[in-house]
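Here it is, the structure in full.
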Amino acid sequence: MDLFSQQEGPIRSGFQKHILAGGELWVMPNFLSAEKAAAYYRQIKETINWRQEKIKMYGKTHPLPRLTAWHADAGYHYKYAGILCRPDPWTPALLEIKQQIELLLPRQKFNSVLLNLYRDGHDKMGWHADDEKELGVNPTIASVSLGAIRRFDLKHRKNKALKLQIALSPGSLLLMTGGLQHHWLHQVPAQKKVRAARINLTYRKIIGGSQP
Ligand SMILES: O=C(O)CCC(=O)C(=O)O
Ligand SMILES: [Mn+2]
């Protein structure tokens, strides 16, 4: 049994299945055409109210090394790394992309998206798992890349020999599902030679909306 076990044919065959050690990772390189990906990149970069969040580490406050935004159905807050995200409403572009992903995954409905803007290769995201309790057990997370190509690294939490690097190109869709968040960590490392910006959209399903 895997994410697409009841779905042979063009949808399944558009994906590359990468790993199975306790979880599943699927990549569809051509989820969006180059033209669509470029148009969404421009539109999203310009219309989103990007925020510079701060994190506290060892008593000191640091700016997060990227800009972020959180768009969700009303009432769906999200907390990660001590940052509380209050939802902004869906924009037409974010909703359109969400619906296109849901067409591929008939049993999955997302209610939120976390946006990351890596302004250049200095911006990054450290090793982590998307294992907040609001995502439930074995969440399916759908991640769309726009703009510059960046590296996405994964490593198994226990078995040091298990690791993977993928280049995420614009218009690609990556799915993380099964027990991936329990057994693996992921990161987007700095790549200081990269000059251009990248936008990442990670669609999620938050369980139990709440007012903080
Ligand atoms: O930028 C990416 O591809 C990864 C983003 C990510 O891991 C996250 O938002 O939790
Ligand atoms: Mn993540």
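Glycine is no exception: its Cβ is also placed from the backbone N, Cα and C atoms.
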Quick check: of Asp2, Asp131, Asp153, which does TrEMBL put in the same substrate site as Tyr78, Lys79, Tyr80?
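Within the candidate list, TrEMBL flags Asp131.
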Tell me, what is the mean pLDDT of the domain 'Fe2OG dioxygenase' (109-207)?
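Average per-residue pLDDT within the domain 'Fe2OG dioxygenase' (109-207): 96.
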Taking the mean position of the Cβ atoms of Tyr78, Lys79, Tyr80, Asp131 as the substrate site, which residues outside that list, in the same chain, have a Cβ no more than 8 Å away, listed in sequence order?
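Close Cβ neighbours, site residues excluded: Ala81, Asp130, Glu132, Glu134, Leu135.
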Quick check on the domain 'Fe2OG dioxygenase' (109-207): DSSP residue counts for helix, strand, coil, in that order please.
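Going by DSSP assignments, the domain 'Fe2OG dioxygenase' (109-207) contains 7 helix, 49 strand, 43 coil.
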